[in-house]
Amino acid sequence: MDEGSADAGASGRRSRARGSEAVARSAALERLRAIRDGGARAAAAVQVRIEAPIYDTVAEEDYAALVARRRKDAGAFIVDDDGLGYADDGREEDWTHRTIHSSSDEGSDGEDGAPRKRKQPRPQSKRPPQQSAAAASLSAAAAMMGKQRLSSMFTSSVFRKPGSDRGRDSSLAADSIVDDVIAEFAPDDNDREERRRRVGRVCAPAPAPTTTAHIKAENVAVDTAMAFRSDNVFEAHEVSDHGNDMDMELKPDVEMEPKLDTPLGASAELANNSNSLEEPKQEANGEVKIEKVHRLNAKIKTEDSRNGDMASATAGWMKICGDGDNAGGEGAVAANSNTGVDESSEFELKDGALPFYILDAYEEPFGANSGTVYLFGKVEVGKRFHSCCVVVKNMQRCIYAIPSSSIFPRDTISRLEKNSTTSDSSPSLRASLHELASGLKSEIADKLSDFNVSNFAMTPVKRNYAFERTDLPNGEQYVLKINYPYKDPALPTDLRGQHFHALLGTNNSALELLLIKRKIKGPSWLSISKFLACPATQRVSWCKFEVTVDSPKDISVLMTSTTLEVPPVVVAAVNLKTIINEKHNVHEIVSASVICCHRVKIDSPMRSEDWQKRGMLSHFTVMRKLEGSIFPIGLSKESSDRNQKAGSNVLALESSERALLNRLMIELSKLDCDVLVGHNISGFDLDVLLHRAQTCKVPSNMWSKIGRLRRSVMPRLTKGNTLYGSGASPGIMSCIAGRLLCDTYLCSRDLLKEVSYSLTQLAETQLKKERKEVSPHDIPPMFQSSGALLKLVEYGETDACLALELMFHLSVLPLTRQLTNISGNLWGKTLQGSRAQRVEYLLLHAFHARKFIVPDKFARSKEFNSTKRKMNPDTEAARPDEADPSIDDEGHHVDQGKTKKGPSYAGGLVLEPKKGLYDKYVLLLDFNSLYPSIIQEYNICFTTVDRSADGNVPNLPASKTTGVLPELLKSLVERRRMVKSWLKTASGLKRQQFDIQQQALKLTANSMYGCLGFSNSRFYAKPLAELITLQGREILQNTVDLVQNNLNLEVIYGDTDSIMIHTGLDDISRAKGIAGKVIQEVNKKYRCLEIDLDGIYKRMLLLKKKKYAAIKVALDGSLRENIERKGLDMVRRDWSLLSKEIGDFCLNQILSGGSCDDVIESIHSSLVQVQEQMRGGQTELEKYIITKSLTKAPEDYPDAKNQPHVQVALRLKQNGYSGCSAGDTVPYIICSQQDSESTHSGGIAQRARHPEELKRNPDKWMIDIDYYLSQQIHPVVSRLCASIQGTSPARLAECLGLDSSKFQSRLTESDNQDTSSMLLSVIDDEDERYRGCEPLRLSCPSCSTTFDCPPVSSLIIGSSSGNVSNPNEGNDASINFWRRMRCPRCPDDTDESRVSPAVLANQMKRQADSFINLYYKGLLMCDDEGCKYSTHSVNLRVMGDSERGTICPNYPRCNGHLVRQYTEADLYRQLSYFCYVVDATRCLEKLDQKARLPFEKEFAALSQTINLALMEVQKIRDRCAFGWVQLKDLAISI
C-alpha cells in the first residue's frame, strides 16, 4: 500500500471512530438544511437565520484526503512558538470534548473550553459556532473601547446569534473578547499594537483586584472612573441577550476613551469633573444615555481649574530647552571639554606646589586602604578647571595616654621647666621627660605588641584637658603621645594600665586628623607639594587627574597675597521614573533624566538668567522598553530627530534596565559633575539606582562611575535606623564619594517652613510653577503611544529642572559653603544637614589650636543599638565606656522609641499669660541671641566653670581669662557685625553674597548652645547647659520685675528670651517711646546682653502659653499690617486646609475690631454655611487633606494601628511608593465606606486614605464629614473663641450641625480656674456648691430598683410649697421617700422595701468607696481638645516651666498638658455632698427659729434613721486631707 492510500485508510478509520456523537451531529445538520431549504416550519422548530453556510459538506474520501493534506502542510501552517508546543498536526478536533492544552498563553473560548485554533481561511469555510457565541458580546466591547479599533468590524449582525444562553454565563472582559477575535487572524500592524497594549496592561499593576462581570445589553453602565484607571483594567457589566435583535451604539459625541497622549495620572480628574461620574445607560431604542451619578462627596480639581494663573513647570522647561540652545552646542562642548586635555598636560604650579581647590574628601575606614584619604577637587590645567583626586597615604594615628600622677611629678616638672630656657622644645628637657616616662613607655610598648603593632613612636607632650570625664585631671599636664599607622588595629577605648589612666583618640578617623591637623576648613585652596602624578592605568579614581602624596605634611592651606579665583563646579540634576514590580515589591527604572549645568558659581548666588543662558545647560534622557514589550511605533524616529536637531544624544532608547543603567553611568562619567542634585535623591533616587545596578548585575567599572572612586565591590546599601536629617546611608555616600550630594528635600526642610516638602508643593509655593505629578502606576499605560512616552520624558526632565531651580532659588551651594568654611567640616556633610557635626568641627579646630585634648567620639555599636543609654545624664561621674552607643557618624541620635528622653534640666522660663483679647498696642521685646550672649556675658566655658561634685548647678566662673567658647562666639559676632555693615552699602549680587555670609555666621553662633545640651553631642556638658539656662531664667525674671516695678508697665506674657508689654495706648508713637525707655533701662545692666524691639501689635488674642495671634505693625513707620500666628492650629501641618481656612476667617473676624455681637454672628453664619457646603459635596478634596510627619520608619511604630498617617504610609510602602521613610510627610483623608452599614465602621486610623486612593476609587470611599466638623473644625474655632463673650463650644457645635450635648464638657477652662482653689465654704447656695456632683443612688432591697436619693432638705422645700398640712396627699417623690423610707415603686405595705438605717449606711459607704477608687485610678487627660490623650501613667518629662508629669506624651505634635480627670477637689466635693444629703441637723440650723418649729419633731424622728449613714460618710470625708489646713506649713517656729 502506498503512502497516500495508507493515509487515506487511516483517515477513514479515524472518521469511523468518531462514533455516535458525530453521527448525531450529521443528522442534526441534515435537519437544519431541510428547514433552511424551505421544509416544514413547525412552531416548535428552531428559527435560525444563516446568512452563509457554517460547514462544508464533503464525502468521506474527500475528508480523508483533506486531513492528509493538512498533516503534510502542518509545519508550514504555523510556527511552533519557540518550542512552547503550539502547532497544528492537521487533525480536526472534536469540539464537544474538553481537552488539555500545553500552552498557557491562550485562554479558553466559550463555556466548553474549546481551544482557539488557527485555520487557513477558505471562502467556503465558516467560523465555528463558538466564535459566534463570543461575538454576541462584542457590540458592548466595541461601545466601550471605541469604534476606531480593529475589533469594531466584528460588531455587525453577522456575528450576533439571537437566543443564545451562553452569553449570560460568559465572564470575559471586553479586552479579552477583542483580543480573542483578533487572534484568529494573521497578525498585522494593528494586531501588534494591540498586543503591545496588552503587555502594557499586564505590566501595570492594579490598585485592587477587578472582577470580570457579565455584560447586560439592556443596561450598559460604563464607569469612567474605572475606565480611566491607571491600571487600564476594564470593568464591564452583565449583558443578556433577548429575543429582539438590539443594536447597541454610543452617541458619536461621547468620548469614552482618553487620548493616548493624555497623562493617565489625571484619570481621577477626568472622571470626577464637577463631582460626578458619567454612567451611560441604554434605553429601549438602543441609544446610550449618559447620566451623572454623584459618588464622592467632595469636588476634585480638574487640570483646567487648577492654578489657572500659575505657569506650567513643563512648559517652563521646554522654553529653557528652546530650539536646541541648551541641548547641545556650547553645553555639549563644555561637557566634553575634557577630551582636549590628557594626562601629559602640565599643571599650573605655584612655587613648585600644585594649587588644589578641595571640594570633598573620603577615607576607607577598613580594609587594605585603611588610613588612606582621598581628596577631590579642582586643578587648573590649560586655563580651565578639571577634576583631580589627591591620594594621601601613610596617615598615622594620634593617641594620648594620660599618665598617673607619679609619672610626671609636679615639682619635678616645675624644676625641669625652670631650668629649661625654651620649655618643652629644649633637648635636655625632652630627654628628661623621656627618662621620667620610661616605665610608661615600656608598658605602652607591651600593649601595642599585644595588638600586633610593630611600628610606632612615642613622645611626651604638654596638653590641656577640660571636659566632662571625672576620672581625668583637668588643666595642663604632660601626656604621652603615640603615633602608629592606620593599617594596624585600633586600641580599645577602655584600655588601662598600671602607669596610665586612659587612652584618648583611639577611634579618631584619619580624615578628621587630616582636616584638624592641616587646618583645612571646608572648600578652599590647598598647596600640594612633593606629589607624584599617577598614570591612567594605575588610577583609583575616575577624575581627569590624579596625584599621590606620601605624607599629610605635604598638604597645607595655600597662603597667597592675591585672592585666587574660586573655580566653578559642574552640577547634574538627576530624576528617575520608576514602575513597581508587584511580585518583588521593588521599583524598577524605566527612564532617567539628567540636566547638567556647567560653570556654576559657589561663592555667590546665581540669577535665573545666568544659569539658564545659552551654553550653560545640557540634558539627556535614557529610556528603556518594558519587559516583554516593544517601543511604540514612531518613537525611534522621534528620538533620532531630536538627537539630530540637538546635535547630541538627548534621548537614548535602550532594550533593558541593565542597558539603561550602563548608558546612564557612561553619560554621567562624561559630564564629570562635581555635584549631584535631586529632590529626595538621598532617600529614593540613589537608593533605587544602586539597588537596581546591584540586581541587574551592572559591572563595577560601570556603577562605580556614579562616584569618583573606582570600586570592585559595592558597599552595603542598607540605611539602618538613623533618624531623618542624616541624609543618605553611609553605603550610598561611599558609592558617590568625590561628588557632592545636594538634596533639595533636605535643604528645604532646613531653610523653609512648609506644610509639605514635596516637589509639587515647593514648586508651587517657592517657584510659582505647577508641576505634573506622575506616579509609578501611571507609567506603564503611557507605553501605548510614542506621544505619551515623549510626555514622560518631558516630565522627567522637568522634575530635574525643578530640583535644579530650587537649589538656585534657595542659594544652597553658597550658603552651605559659607557654613562649611566657618565650621571647618566637610561640605558634603553640611549639605546632608549634619548640624551637630558643624558645631563639633568648629570646636575641634578651636580646641586643637589651643593644644587641648578633645573628647573621644564614640562609634555606634551594633550590640547596643536597641538598648537604653548607658550613661545617665543626671550623673556627672559617668565613665567613658558608659557613653551613649547610639551616636552615629554624623552625631545624630538614633530614635529608640520610648527610651527617647527630653532634657534632664530646666529650660527657659515661660510666664503664665494674662489671657484675653487686647485692643491696645502690645510691645514685643526680645534679647538678641540670648544664650550665646550669656556665654559671653558670664565667660561660661569648659575651661572656666568648676563643676560641682554633687551634680548641682555650678557657680558662675570667677576667672578673668576669657574662655574658648566666649572667644569663639566673640569672633563670630564681630565678623557678622562687620559683614552686616558691608551689607548696608552693597547692592546686587554682592549684597546677596554678604547676606548669605551673615546668615551663616548667625546660624553657627546660635547652634553653639545646642551642642552643650544635646546628650549625644561630642561636647555634651550638662553643667554648662544648666548654668546657661538658669541665667536665662533669672535675666528674664529680672527684666519683668524691672518693667513692672520700676517702669509701672503691665507684662502680659514672657517666653525664654522675650516679654510682651501691654501699653494701653492707641498712639503708636507713644508706644514706641515706651519701648525705647524699656530698652535703655535693661541694656545698661549688661555688657553683652542686648534687648531690642521685635514687634508692635495693634491687636492681640492671647490664648495660652506659646499660643497667640496678633496684628503686627511694620516697624519702619509704614501702614503695612499682617497677622502673625504663633503655636495656633493654623500653623501646624497636622490640621487640614479646611480647618486652617476657617480658623483664619475666625481670627480675622476676632481681630477686625468689630463689635462682639457682629463678630459672633459672622462666625456663626460662616460655620453654618461651611457645614452645608461640606455636606453638599461642594468642598474641594484638597481641603480635607491632613499631613503628618513620620518620626520613624512606619513599621517601627508600636502603636501603628492607632496612627492614621502610619497606616497610610504602610499601605503606600507595601505598594512600592516612595516617601514613606522617617521624616517624610504623609497626606491623608479620614473617610468612611459608602457601602458600609455603619459610616464609622473601624477606627480613625483604619479609615485614613491617601488622596490618590480616593481619586482612584471614588465609588468606594466618601469623606467622613462628621469627623472633620467635630475633630478638625470645632476644636480650632472653639479655642479661638474661648475668650469671646456670646458663644460657647455647644453653640459652635450647633452651628456645625453636631450634637451640642457632647460638647458640654465638665472640664471647663481648667486653665482659667483651678477647681482646687474653689472654697466650698464661700458658696452659700447648695445648688451652686454641689453642681456637677453625682447623686446618691439607692437600690431597693425588695425589687432591686435603683433610684436617686434626694437631700433631706427637700422636706423643707416641699413643705413650703403647701404639702406639709397633708403629707399623704403630696405628689413630690422626694418628700414621700423621706417620710416613707421605701422604694418609690413598691407599695407601703411591703416591709421588704423599707430602707433601714443599716441599708442606707452601707449603700452610701459603697458609693463613697467607688469615688475614692476613681480618684486613685489617677486618669490623666490632655487638655487640648484636638488631642484628648488619656493615660494612667505619669510622664516624667520636663519641658520649660511645666510641672513634672504634665507634658502630653504626644509632644511635640501636641502642646497640651495632662490634667487629672478626677481631682482631690472633685472627691472632697462629692463626699461633702453625701454628707449634705443626710445631714438633717444642718438643715434645721439654717432655718430661723420660727421656721424651724414645724420640722423639729419630724427631723428628730428622721435622725434616728439617717444618723448612722451620716456618721459613716463624715468619717470618710474627714480622712480626706484636702479638707484640712496644716498650720505648721503656714507658720514659722521661733
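Note that Cβ sites are derived from N, Cα and C of the backbone, with glycine treated the same way.
As annotated in Swiss-Prot, motif 'CysB motif' covers the listed stretch 1422-1451 rather than the other ranges in 72-101, 762-791, 1422-1451. Of all ranges given (1-23, 185-207, 944-966, 1220-1242), Swiss-Prot attaches the label region 'Disordered' to 1-23. Within the group of binding-site residues (CYS1343, CYS1448, CYS1454), the Cβ with the highest number of other Cβ atoms inside 10 Å belongs to CYS1448. There are 20 other CB atoms within 10 A of the CB of CYS1340 (Zn(2+) 1 binding site), with all protein chains counted. Here the candidates are the binding-site residues CYS1422, CYS1448, CYS1454. The one whose C-alpha lies nearest to that of CYS1340 (Zn(2+) 1 binding site) is CYS1422. The most densely surrounded of the binding-site residues CYS1422, CYS1427 is CYS1422 (count of other Cβ atoms within 10 A of its Cβ). In sequence order, CYS1340, SER1342, CYS1343, THR1345, PHE1347, SER1393, VAL1395 are the residues of the chain that are 6 or more apart from CYS1383 (Zn(2+) 1 binding site) and have a CB within less than 8 Å of its CB.
If you take the C-beta of CYS1386 (Zn(2+) 1 binding site) and look for same-chain residues 6 or more apart in sequence within under 8 angstroms, you find CYS1340, SER1342, CYS1343, THR1345, GLU1392, SER1393.
For the recorded site, CYS1343 (Zn(2+) 1 binding site), the DSSP three-state label reads coil.
Mean predicted confidence for the motif 'CysB motif' (1422-1451): the pLDDT average there is 74.
Excluding CYS1340, CYS1343, CYS1383, CYS1386, which define the Zn(2+) 1 site, the same chain contributes PRO1341, SER1342, SER1344, THR1345, ARG1382, PRO1384, ARG1385, THR1390, SER1393 within 8 Å (Cβ to the Cβ centroid), listed in sequence order. Mapped onto three states, the DSSP output places CYS1386 (Zn(2+) 1 binding site) in coil.
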